[in-house]
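Quick notes on the structure that follows.
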Amino acid sequence: MNPQAKLIFVTSLLLGTTITISSNHWVMAWTGLEINTLAILPLISKSHHPRAIEAATKYFLVQATASTLVLFSSMTNAWYTGQWDITQLTHPTSSLILTAAISMKLGLVPFHFWFPEVLQGSPIITGLLLSTAMKFPPITLLYMTSLSLNPALLTTLAILSVALGGWMGLNQTQTRKIMAFSSISHLGWMAIILVYYPKLTLLNFYLYAMMTAAVFLTLNSMKVLNLSMLMTAWTKAPSLSTILLLTLLSLAGLPPMTGFLPKWLIIQELTKQDMAPAAIIISLLSLLGLFFYLRLAYCATITLPPHTTNHMKQWHTNKPINPSIAVLTTLSIMLLPISPMLATII
């Protein structure tokens, strides 16, 4: 892609995100979401492969529908209350429509069908943007309207998301699809605590974005698209395989990694809110996700694929590791000891 065009699209992404997260008026928030959608479409379809064009078309249709629902929800609320302020979403029907719209934008169950397909058709770096940066504006809208949302509905969506995210990721061999179902599962954890402790949702999102960025950048450096490629990647980049193992274990939420921190705080807060059954269910369902993270880690570091005599190994090169991968991986592994400080911040 032309560097000038890429610069314009990336600047538009930053502009759209900034407009949405800094606005108080629903129309401005909607404008930011639209700019974001239009800026990411060329990045999804830049390879001109039929699968990429299909992914861009699916993404456009879903996001356009969700944006229409956001506008409809805000107009309904303005009709009944005379308020266009985002924090004044008080009408129950508007809250319900907004929850559906943002769930569609984020890829929460039952509006998740588009996300794995779009991620599979996108380049790895665009997939990283779709999994992290593109989810930030909708999450901020949920954060601002959290007082008006229906707790029972969000808890139901959250438990379904963690269940389906884990269940559907079990049988996948494509790394981007596995990361898509991982994203759906993590969104479930964010949604369940949103009404009770909104800042914890944001902390979970930041940590999730950091760990996911580390995984995507590592996969991009290793040029890995599926599990069979992952099995032979250790000969090319042994250090990256080790980094991937640790980051995946953190993403799975195993102590003493960073990924354990948001799960621990969310379970603690749910117990305080007399929602122990929900906490138990969501914790047990996250074991499904743990299985496919462990399978990825196993393929990356422990498995030796069957070799034929004429099999060509990829011998490792002396290229230095991308510094951003090193920084993100360090943060993804070592932030748990400073959890008291993070807890005081939120």
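Positions of Cβ are set from backbone N, Cα and C atoms, glycine also.
TrEMBL annotations:
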DOMAIN    23-288  domain 'NADH:quinone oxidoreductase/Mrp antiporter transmembrane'
TRANSMEM  56-75  transmembrane segment
TRANSMEM  95-115  transmembrane segment
TRANSMEM  152-171  transmembrane segment
TRANSMEM  178-197  transmembrane segment
TRANSMEM  203-222  transmembrane segment
TRANSMEM  243-266  transmembrane segment
TRANSMEM  278-304  transmembrane segment
DOMAIN    290-342  domain 'NADH dehydrogenase subunit 2 C-terminal'
TRANSMEM  325-345  transmembrane segment
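Looking at which of 95-115, 178-197, 203-222, 325-345 has the most CB pairs under 8 Å to the transmembrane segment (278-304), the answer is the stretch 178-197. Below 8 angstroms of C-beta separation, residues 33, 58-59, 62-63, 65-67, 69-70, 72-74, 76, 89, 130, 135, 138-139, 141-142, 145, 148-150, 153-154, 157-158, 160-161, 163-165, 180, 183-184, 187-188, 191 of the same chain, each at least six residues beyond the ends of the transmembrane segment (95-115), sit close to that stretch.
Sequence-distant contacts of the transmembrane segment (243-266) (same chain, at least 6 residues past either end, Cβ-Cβ under 8 Å): 182, 189, 192-193, 200, 203-204, 207-208, 210-212, 214-215, 218-219, 222, 279, 283, 286, 289-290, 293-294, 296-297, 300-301, 321, 325-326, 328-329, 331-337, 339, 342-343.
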